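Structure, as structure tokens:
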């Protein structure tokens, strides 16, 4: 049995018009700014330059260690300065439209972000996957996707826009709010707090969109998430998943340095061209070369290769042999993901016996190849089926959302 909380009311045309007007008057958010950007913003707002370094340190602590979302809660900052900050900036959380809790503990949030410029409000989902000893948050980087992977439900939704670094981080901050994962902070009304201990230990960029097609905003968000003076997530607990944007894979290794996951799904170019069409631009030889050259690879820092199991498509023993040959010499883990059907798809999940044979061969060749147990199916939060309908705001009703989320995630 799953639990669902509808946390908003239906939008009307008048409400949408108010959203549009508000977007033109929106104050910039301090969340998602680099220290350099925050310094420039504070100086422009009137903070004396000699105080800026100290003020950034204070703000960073309140935003990312204490998790406050109201300047009034920043108790070691003067009342006058708090008023000035509130006049010029915002640190508000996005609207939580809906929260769903699966019978297996998986949680899914539908977040609404305000419009950018003349655009409409957009909605995206984040999924929290609890496991023994860790909790993983699956984060989106775009609204929609451009990649049109044939087996993926998200690929049937056109790209609406990129998310900003603020919106990427807001998913993490709001999830921590609702899980009671900030110290000495009251949880929001209606939040259902799980057992004690740090709730979010890992994040994976495996939600909606291709993170490397939004490189600069994703980079900024992940560097803030891994900053030791704030959210302080180890880069070994942050995994970025890509379908194979080869030039940005090199940049990811050089400029971000987080764990890498590759949505592989096929070991022959002619098949991968169909399943993952970006392969036509960056074929397997180029992709695997970039993986081999990813900085710092070792048995402790492996690349995760994601492989969805499609019946009679990519699940033969010959495919397993080619997979082992393709990855030879790369420190790697191979996540085998049973396909989750969605309305309109022509693909089927491989038989369980065939998945196990495939896994046994890959394991015998020396590669860890766990078969991912689907999580959150009862709340539409399982592998490869995330799809927001936020680009189709109904005329007088709130947005409907149908979504599933990749459950394979990093260590």
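Note: Cβ is positioned from N, Cα and C throughout, glycine not excepted.
Since we're looking at a predicted model, the values are computed, not measured.
According to Swiss-Prot, the features are:
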- 125: active site, proton acceptor (ACT_SITE)
- 131-380: domain 'Radical SAM core' (DOMAIN)
- 138-383: disulfide bond (DISULFID)
- 145, 149, 152: [4Fe-4S] cluster binding site (BINDING)
- 383: active site, S-methylcysteine intermediate (ACT_SITE)
DSSP three-state assignment (helix, strand or coil) for residue 138 (disulfide bond): strand
For residue 138 (disulfide bond), the number of other Cβ atoms found within 10 Å of its own Cβ: 31
For residue 125 (active site, proton acceptor): DSSP state (helix, strand, coil): strand
Neighbour-count leader, CB within 10 A, recorded positions: 125, 145: 125
Cα distance (Å, whole number) from residue 138 (disulfide bond) to the residue listed as 'active site, proton acceptor': 9
Alpha-carbon spacing, residue 138 (disulfide bond) to residue 145 ([4Fe-4S] cluster binding site), which is rounded to whole Å: 16
Overall pLDDT for the domain 'Radical SAM core' (131-380), taken as the rounded mean: 90
Three-class DSSP secondary structure - residue 145 ([4Fe-4S] cluster binding site): coil
